[in-house]
Amino acid sequence: MAPNATTKKRAAAKDDDFVLTLSDDENDVLENGVEEDTLSSSKKRKRDAAEAPKGKNKKQKQLKKSKKGESAAGAVSDDQSGEEDEAEAMDAGEDDGALDSEFEFDVGGNANTGVIEGFDGWEARNGAGPADAPKNGDKKAVDIDDIISRRKAKKEAELKKKQQKEKKRREEEGEEESEDEDADSDGGMSVDFQDDELLAADGFGMGADGADESGDDVENDSNDSDDADEKGSEDEESDDDAAASDNDSVATPVHHPDDEAASDEESEAESEVDAEEAEKRKAFFAPEEKSTAASTSNRSFQDFNLSRPILRGLASVNFTTPTPIQQKTIPVALLGKDIVGSAVTGSGKTAAFVVPILERLLFRPRKVPTSRVAILMPTRELAVQCYNVATKLATHTDITFCQLVGGFSLREQENILKKRPDVIIATPGRFIDHMRNSPSFTVDTLEILVLDEADRMLEDGFADELNEILTTIPQSRQTMLFSATMTDSVDKLIRVGLNRPVRLMVDSKKNTSMNLTQEFVRLRPGREDKRLGYLLYLCNEIYTGRVIVFFRQKREAHRVRIVFGLLGLKAAELHGSMSQEQRIKSVENFREGKVAFLLATDLASRGLDIKGVETVINYEAPQSHEIYLHRVGRTARAGRSGRACTIAAEPDRKIVKSAVKAGKAQGAKIVSRVVDPAVADEWAAKAKGLEDEIEEVLQEEKLEKQMAQAEMQVTKGENMIKHEAEIMSRPKRTWFETERDKRAARKLGATELNGPSKKDKVKLSNKDKKRLDDARQRHEGNIGWKKGKADREAPKQGKNKGSKNKSDKKNNIKMKGKK
């Protein structure tokens with residue numbers, strides 16, 4: 001007992017000698033901490049308050065380190081806070097993973113923001129993850145607008161300098177010459193006025209023609225919209241004009257002989273296939289329930305018996321009434337059945353499969369984190385959009401998400417995969433990359449597989465990648481396939497491994513939205529080269545904002561982007577040659593209204609949901625009617641109205657015919673837009689006058705890309721020197737295909753979108769390259785031409801004698817050799 005008493009006395013003496021010195025700020029911190037401790041009554045408040053004293057204790061420790069003996073006091077406070085944290089952790093463990101009704105998980109960061117008005121899947125991303133900031137290393141994007149603005153500034157400076165010189169020269173001439181000569185100099189200035197008058201007259205004529213044309217178009221549209229079902233009356237009205245023979249409708253009732261022959265062949269082929277295919281479908285698909293059709297009318301999300309967090313998530317994005325595809329899909333998906341679903345574009349197919357997935361995941365075991373769902377998309381933009389929609393709907397749950405798409409950091413995605421997120425949203429290529437090369441990613445636990453835009457995923461371009469995924473993931477899974485143009489081919493669907501799937505075809509006839517007006521502008525034979533003039537007229541005079549223009553080729557989209565920039569039209573481009581950061585920036589700029597036109601390839605034709613798209617213009621008709629439906633489906637979504645305008649030439653006759661036929665059967669509005677050929681020729685001439693400047697911009701862009709590539713190579717070399725050991729220790733990433741197989745797959749994918757190429761591209765030999773280079777140099781410089789036949793037959797007299805002597809000598813040498 002004596003030693004204990006002595007130690008207590010010593011400790012008391014030390015405490016008496018120790019004097020606490022606290023500043024005014026630290027007193028305030030302590031008082032606030034006491035008030036927060038008294039307010040924490042529930043478990044949630046205790047958890048929130050537990051983090052605040054920790055931070056304040058750390059701050060106190062940093063401020064007290066300079067004082068003697070303060071470390072001991074800091075240690076005591078840390079021990080006390082540690083004991084409180086352990087006690088709270090034990091209290092939290094008593095729930096055994098159950099959800100508290102008062103507890104709110106805020107994964108997306110918008111739990112308390114209320115209803116999100118006009119949510120379109122491209123809202124600002126608040127949650128952490130790869131969607132926030134794409135990691136592309138040190139790649140520098142080349143901005144076309146910067147190049148064009150620099151060139152304009154340079155031209156303006158040169159013009160200003162030239163004008164100053166001209167003004168100075170005129171002033172000098174005015175001092176030296178007489179008044180008559182001054183009058184002559186004024187006459188010389190009239191040339192500039194004439195030039196200005198020419199420009200003004202040109203602009204005035206254009207404005208007058210455009211106004212008249214727009215008025216005619218409005219009248220034509222109104223007449224056509226009133227009589228959309230009877231196209232013949234439109235043609236009779238247009239015949240009254242003098243130029244009606246050149247500008248009549250594409251949807252003319254006079255059938256082309258090739259069209260009639262093709263339709264007969266197609267009908268015979270369809271009748272033969274239908275019988276066999278019907279038997280296959282009857283054996284493959286599960287029988288449809290007839291009772292569901294009557295019960296799906298006037299239902300709400302509450303009728304599906306969804307959990308409260310899911311209903312709150314739906315209300316937060318202003319989803320109140322389920323669409324027809326959602327009414328059919330959600331009850332069947334909750335039962336765990338395989339689904340093949342189809343509906344028109346903009347009908348809510350994403351929510352149709354996300355909602356039942358979230359509902360099923362709410363009842364998952366929580367002790368061990370496990371990835372249970374994989375959603376595969378054909379494009380990066382669609383995957384990013386689906387990720388945003390899913391995180392918004394799951395705001396009030398504890399379900400975690402991960403997106404695996406190209407263009408983002410592999411390391412960050414691997415770190416997220418280590419946490420085993422519940423739902424993985426990916427493109428096939430990056431999914432296979434992580435499946436083969438990320439040790440923390442396992443697919444053995446997947447229970448649900450979703451293929452969005454499934455008909456595109458089943459095409460030849462994705463066939464090898466899809467087979468690699470399907471043979472790796474478990475066979476005992478729920479599989480759901482969705483698309484606006486879903487295929488019924490049993491042979492293709494068998495590859496996915498479906499087990500008696502349920503067909504949910506809300507739109508089995510591949511129709512467009514009823515609020516969509518389809519327009520067609522016909523190019524007569526021989527006017528295909530004026531296509532750009534028609535596009536510029538439409539974008540300058542008719543459709544001036546919120547327009548998506550679709551192209552078949554990336555090269556054409558990029559070139560038209562430069563033309564738009566030179567003509568002062570604000571536009572952005574979207575295609576596969578851009579980096580992921582550029583692609584997301586283009587979509588965001590268009591969504592926010594910073595640019596009026598989005599020039600895109602078929603990369604953006606599927607699934608992209610941007611609010612307020614008023615018009616879709618097809619620069620060329622697509623390869624198939626299915627692609628046409630996806631393109632025009634970017635507008636007139638979710639009950640809104642929109643227009644689709646297609647510039648069609650003779651090669652596009654088949655697609656236009658099928659679109660008009662489907663539209664008439666549906667009762668959709670089909671309009672023929674008449675454009676004055678003279679106006680289109682003027683715009684085409686303007687575009688042709690910019691060809692030299694376009695080539696200069698392309699050359700400057702090429703040089704900037706080469707500079708950026710060189711800088712990247714230098715940075716790569718520096719990193720190899722600095723971090724050689726770490727880089728060489730990494731395992732080499734593998735792929736299931738060779739480079740030759742990759743090229744073949746890309747070729748098949750291009751063929752699906754653009755049709756077979758007219759001639760196969762073959763790598764040129766060095767001899768062929770040299771021959772082509774020589775021909776190009778001769779053509780450009782008019783040098784190095786060989787003598788023609790006339791020059792060889794009529795040479796000069798002196799050269800003729802010399803040639804005879806040389807020939808005689810050669811003959812003599814030959815004769816001597818024979819002797």
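In case you wondered, yes, glycine gets a Cβ from its N, Cα and C as well.
The motif 'Q motif' annotation in Swiss-Prot falls on one of the ranges 299-327, 415-443, 618-646, namely 299-327.
The range from 120-123, 192-195, 452-455 that Swiss-Prot describes as motif 'DEAD box' is residues 452-455. According to its DSSP assignment, Lys349 (ATP binding site) is helical. Within 8 Å of the centroid of the Cβ atoms of Ala343, Val344, Thr345, Gly346, Ser347, Gly348, Lys349, Thr350, where the record puts ATP, the same chain has further Cβ atoms from Thr323, Ile325, Ala352, Ala484, Arg637.
Remark: secondary structure over the motif 'DEAD box' (452-455) totals 2 helix, 1 strand, 1 coil, with classes taken from DSSP. Residue counts of the motif 'Q motif' (299-327) by helix, strand and coil are 17 helix, 0 strand, 12 coil (DSSP-based). Residues in the domain 'Helicase C-terminal' (531-678) partition by DSSP class (helix H, G, I; strand E, B; coil) as 67 helix, 27 strand, 54 coil. Here the compositional bias 'Basic and acidic residues' (732-742) is broken down by DSSP into helix, strand and coil counts: 4 helix, 0 strand, 7 coil.
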